[in-house]
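*Asks:* Pulled these from TrEMBL:
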| type | residues | note |
| --- | --- | --- |
| DOMAIN | 447-551 | domain 'HTH LytTR-type' |
| SIGNAL | 1-19 | signal peptide |
| TRANSMEM | 177-197 | transmembrane segment |
| TRANSMEM | 204-222 | transmembrane segment |
| TRANSMEM | 242-262 | transmembrane segment |
| TRANSMEM | 274-293 | transmembrane segment |
| TRANSMEM | 299-316 | transmembrane segment |
| TRANSMEM | 328-348 | transmembrane segment |
| TRANSMEM | 360-378 | transmembrane segment |
Amino acid sequence: MIYVRVLFLLIVSALSAAAQPVANPVPDQLVELGPKALILDDPTLQLTFAQVAAKPDSTYRLSQQQKLNFGHTTSRIWLKFHLDNPLQDSLFLLFMTQDVDYVDLYVINETGAITEQHSGVLQPFENRYFLTNTVVLPIGKQPHTVFLALRDDNILHFSVLLAPVRPIVSHLQKESLFNGAVMGLMLVMVIINLFVYGLVRDRVYLLYAVYVTLSCLTFMSFEGLLYDLLWRSFPALNNGRLYLLITAMTFGAAVWFSMNFLRTREFLPLFFRYFIGLLSLVGLTTLLRLLEVPGLERAFYGLTLLGFVSLLILGVRTYRQGYRPARYYLLAWSFYIAGAMTSVLGLLDVLTFTHLWVVYGYQFGAACEATLLTLALADRLQTYQAEYQTAQQLALTRAGENEELLARNNKLLAEKLQHEHRQDPLSDDMRSLLRSMKEDRERIRKMAIPTLDGILLFPVGDITWLEAAGSYTTIHFSNQKTVLASRGLAEFEHLCAEGESFFRTHKSYIVNLNHVVKYLRGEGGQVVLDDGCTVDVSRRAKPDLMKRLVGEE
């Protein structure tokens, strides 16, 4: 029989096996088996257990790694361990990875009996000894030789730990608490930002909630929790392509949120176009992988790594532009990028999975980033509130001035009526006063500006120019303060009607011609305002602007 033959061959190779490393369990501890592993590659995928077990140890190569990382391989990897158990407890193998497609275990005990168990994410969930996201394999009380056969279509990295049941259960408990804490923190961040979005209707908060949700799904997919919680009956969903799709969606959400939060289209349009191109490449790579084009994992992770570094550079450039909320963004993404980069570099076999930060880098980084970015969003809201309060204070000051103007106008009107009553011709001084009354009435006219906090009524004459900011508009005042209106620039197009002092010089700008002090020549040119700002003029708007400026003169 085949098992008798296997036992005979094992006895024949006993002397050579004795020279190979033997693993011994330690009470209440997890023992790393990576350095004790004998490795055999099966590129044909045709070797059976009997054939592998019949091979002498000299045909294997000894592992040189603590954490085993085979990169992207199409081979079946066979691992062989020689064990000696001086304890009275049954032993288990803790398999520290959740996304290996097939994990086949064969155990030959001291009596020659052979047991086997088949697990992995493409095997039924009920095959697992412990019904958790982590694979635990029982090997009995007297294991002599253990064989593991592993196959995965993606990057194959893992570690194998040997221990009795108590440290195994303790580890699973700590891991569950850690995963629960990370997911709980992310859930709180999602709820907070959805609540803020419901109050202020700023889409940046909605984008952040979407991003954190996808980031949490990426984390759960990587840890095998989606398989555990959502589709135990459908192991075919764990083919690796779904994880790649979720990761790509998370990356896209991170980039889109960042560009909106940092107002990249407004401050750094070249960076905006760069990220659109990068997103297109990531999308194309993901699509090709979903179509089962092999060997694209390294390209995908390389693009995401480039994207993480680019987002950090974007934060630095935006902060240098004077955008204060970018400081929290930089701090948050420094943690996230450090964690994500260590995980990606580990997957690319640049770093070894020997440090806690490499193993749990993404989780730590995502948790810190979620917390700090929520602070960044709060700081962003506080910045807008400060702008609103400054503008409101100016509006109150103008209101006091307007009361004085009204009193002055009433006095002038009374003097005019007295002259009309006497039927005397109006003097030049009176005509000048009446002209002043007309200008004062223009200054009193107010415009309703919708903001994140409400509606601000502001004198039209104190508005110097308006600037498009995505679906919002930044309004600049004569005191060099700004306020963010929660409407697009098109909503203020009525200011450019005939007889008004405003003019749309560009698709992104509307200026108050009363505040223009100079025109600079160029393809379209620029106008200089009395607050020192320079605003672009498009080629299409230049002829009409010149007519208006000549008319103003």
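Yeah, the Cβs are placed from backbone N, Cα and C, and that goes for glycine too.
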*Asks:* Mind tallying the domain 'HTH LytTR-type' (447-551) by DSSP state, helix then strand then coil?
*Replies:* 24 helix, 48 strand, 33 coil
*Asks:* Between the transmembrane segment (299-316) and the transmembrane segment (242-262), are there at least three Cβ pairs closer than 8 Å, leaving out pairs fewer than 6 positions apart?
*Replies:* yes
*Asks:* Taking every residue in the domain 'HTH LytTR-type' (447-551), what is their average pLDDT?
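*Replies:* Taking every residue in the domain 'HTH LytTR-type' (447-551) and averaging pLDDT yields 83.
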